[in-house]
Every structure is written in structure tokens, then in C-alpha cells.
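J.: For 12-31, 43-65, 71-92, the entry in TrEMBL reads transmembrane segment. TrEMBL lists 13-117 with the feature domain 'DUF6867'.
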Amino acid sequence: MSGEFTQAVMGTSLLAFIVLNGLLAGGAAWITGKAIAVGWKPLWQVFAYSLLLALGTRFVLFALFHSVLFSLPGLLITLAILAGISALSFGINRARKMVAQYPWLYERAGLVGWRERLPVPSQPQ
């Protein structure tokens with residue numbers, strides 16, 4: 001990507017965007033998804049909190065790196081990244097919580113899923 005393109009689309013340099021979104025806001029998004037899952041909150045809250053994180057991230061980019069504050073493409077890209085990280089964290093932690101809370105009912109099925117535990121067939125005597 002050229003510098004002019006990233007400046008026009010995201011409102012800031014690519015390096016500043018990656019460092020702030022990937023490391024700082026991405027870590028906050030991961031913790032947000034985990035907190036929502038562990039607290040048994042619904043999935044839609046992941047997206048509400050991701051929007052708040054994205055708005056805060058855009059402000060930090062504006063304040064520290066003199067980027068464009070009201071850049072809709074930049075906000076949407078930031079929101080998509082943070083919502084994806086939060087949703088992944090939510091899925092992983094919700095699956096872990098369901099299997100740990102109800103081990104007689106559920107077993108892990110992949111990274112973000114669980115399934116009903118099949119009954120053990122009884123041995124004929």
C-alpha cells in the first residue's frame with residue numbers, strides 16, 4: 001500500500017494504524033471479549049463495546065499522530081478489526097466456560113464451539 005492511499009483511507013500512516021489497532025486496542029478488544037463471555041453477557045454487547053473502543057482509538061490516533069478524526073473508512077476498518085478480535089475472544093472464552101461449567105452436558109468442538117456430550121453406552125451384562 002502506498003502512503004497516500006493509507007492516509008486517504010485510514011486517515012493516518014500504516015505504521016501508526018497497525019501499532020495502535022493491533023497492539024493496544026487489539027489487546028483491549030481481546031480482554032473485552034473475554035470479560036463479556038465470562039460474565040455470561042450476550043454477543044451483541046461485543047459489538048457495542050467494540051464501537052466504543054473504535055471511537056476511542058480514532059481519538060488517540062487524532063491526538064497523538066495528527067490523523068483525521070472523522071474518517072468514516074478509518075472508523076469502519078478499526079471497528080471491523082476490533083469487533084473481530086472481540087468476537088473471537090468471546091467465542092473461545094464462552095466455549096471454555098460452557099465446557100467447564102457443564103462438563104456432564106457439553107464437550108469442546110473446535111476452537112469456538114461445544115456440543116452435547118454423547119451418553120456412554122452401557123455394557124451388557
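A Cβ is built for glycine as well, from the same backbone N, Cα and C atoms used for every other residue.
TrEMBL entries are annotated by machine, without manual review.
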J.: Over the domain 'DUF6867' (13-117), work out the mean pLDDT and round it to an integer.
T.: 92
J.: Which numbers of helix, strand and coil residues does DSSP report for the domain 'DUF6867' (13-117)?
T.: 77 helix, 6 strand, 22 coil
